[in-house]
Ligand SMILES: Nc1ncnc2c1ncn2[C@@H]1O[C@H](COP(=O)(O)OP(=O)(O)OP(=O)(O)O)[C@@H](O)[C@H]1O
């Protein structure tokens, strides 16, 4: 009896050992060998059956190396968004799990390159050889890891730097109707970073091929490509790729942020991003909400923009500044997507089609634009000059509107309107002509001192160039000190005003004419 029992125990032990051996030798991710079947293929999506252990946001592979990302997990059916063209995909095809989430290559080799959301080169300069990969969706830095925004990000655009200043680590929305100069503001800001050491990422989402090609050509022409990465999903790309592109671009930017660098990222534009997400959600039958957008549309943008920050010094002190772009329809800034993004960002630059038509370029509507954190970051010398410009400019706009009714104006009011018109003229700026801070300071000082009061409005541009040239050539030391953040002394102001006055005097024209 005892013998029978011990044999039974030994047999059981052996069976148990054998079982353990099988478990130990089986690959851990044996579930990855699950094979699913495509049931339906739609515009940019596929419905799949038979991957019981698949996880949300996991990458799945279809025949022909087509990749998809798991989006919906319903009992008996999985909704997948496709990251490649779906023409070759048919119902009945097999689907395999990959066990990983979407990731992108990161590293300095991306600088100067044009890539897509999967890190594939689009610029005929050969494949990218990057060994490091990071997931596209990442957690945002914790509150305790962030420092206040203290350093300015100079755009080189007078109206922005003076009235709506942006700080490094801030999120400033650029919004306006179509063709109002939104991309131009972003591209000029990138061009202005040539000497600032800020790395730039331009992320095109759902734009026309020709528009993206123009941005790339502009960046190349102005020597900005060397410190920039262009990440592209055009309107011809599947909506899944358009949706993932801004997250991928942010991951590429974060590599430099974590290395302690200052980075600028432009999302051009988030309206098209929202539309791509709506398309995917409707196709996958997620319940539609306001304007047919799914309920989590706010979350997809907030989790993107929350990744912009100024990291605390112990973490390298880098910063990621975001300039998301949003297109409005018929100047309606209270539509669903614009209001959502306005509430996530730290301010907005609103571009008005009316100003654009009047030729006031950049067409920034100062009254509807705001920067909630950038004001504190302005360089001291700049703040001393541009400090009350915003208020006086707003007062001028009101007075001017009032004067249009043919009201008789007293001398004081007439002067203020005349001065305001000159300030507006000074704030106009051509594209691709970013201006250094000392030049901007000298111009604002000149107009505040009334040096341009006698100049006809259509000659201000010419006079402005003279002042800029003078400051650049004659005051190299003060130039460097202003950029280093020194406050303007009374003496410095006098020096700048004298330089402007000399530049404008007829005598200087003869000298300058001889020199240039
Ligand atoms: N400061 C400027 N001076 C002169 N022209 C400008 C200026 N800013 C923009 N433009 C011109 O205005 C046009 C529209 O500019 P841009 O493409 O930047 O607008 P957008 O709002 O981004 O357009 P879209 O709606 O197509 O995205 C372009 O032809 C551009 O060259």
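From the backbone N, Cα and C atoms, a Cβ is placed for every residue, glycine too.
Look at TrEMBL and you will find 176, 177, 178, 179, 180, 181, 182, 183 tagged as ATP binding site. The domain 'ATPase F1/V1/A1 complex alpha/beta subunit N-terminal' annotation in TrEMBL covers 33-99. The domain 'ATPase F1/V1/A1 complex alpha/beta subunit nucleotide-binding' annotation in TrEMBL covers 156-371. The feature domain 'ATP synthase alpha subunit C-terminal' is assigned by TrEMBL to 378-502. TrEMBL lists 369 with the feature site 'Required for activity'.
Here the features listed in TrEMBL are painted onto the structure.
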{"residue": "176", "record": "ATP binding site", "Cβ contacts under 8 Å, 6 or more apart": "182, 327, 328, 350, 351, 352, 353, 363"}
{"residue": "177", "record": "ATP binding site", "Cβ contacts under 8 Å, 6 or more apart": "327, 328, 329, 330, 331, 351, 353"}
{"residue": "178", "record": "ATP binding site", "Cβ contacts under 8 Å, 6 or more apart": "327"}
{"residue": "179", "record": "ATP binding site", "Cβ contacts under 8 Å, 6 or more apart": "353, 356"}
{"residue": "180", "record": "ATP binding site", "Cβ contacts under 8 Å, 6 or more apart": "351, 352, 353, 356, 363"}
{"residue": "181", "record": "ATP binding site", "Cβ contacts under 8 Å, 6 or more apart": "351, 356, 361, 362, 363"}
{"residue": "183", "record": "ATP binding site", "Cβ contacts under 8 Å, 6 or more apart": "211, 215, 268, 325"}
{"residue": "369", "record": "site 'Required for activity'", "Cβ contacts under 8 Å, 6 or more apart": "163, 164, 347, 348, 349, 350"}
Among the binding-site residues 177, 182, 183, which have a Cβ atom lying under 6 Å from any atom of ligand 1?
182, 183
If you run through the domain 'ATPase F1/V1/A1 complex alpha/beta subunit N-terminal' (33-99) with DSSP, how many residues end up as helix, strand and coil?
4 helix, 39 strand, 24 coil
Around residue 182 (ATP binding site), how many other C-beta atoms are within 10 angstroms of its C-beta?
26
For the domain 'ATP synthase alpha subunit C-terminal' (378-502), the DSSP helix/strand/coil residue counts are 90 helix, 0 strand, 35 coil
What three-state secondary structure does DSSP assign to residue 176 (ATP binding site)?
strand
According to DSSP, folded down to helix, strand and coil, what is residue 181 (ATP binding site)?
coil
Going by DSSP, is residue 369 (site 'Required for activity') sitting in a helix, a strand, or coil?
coil
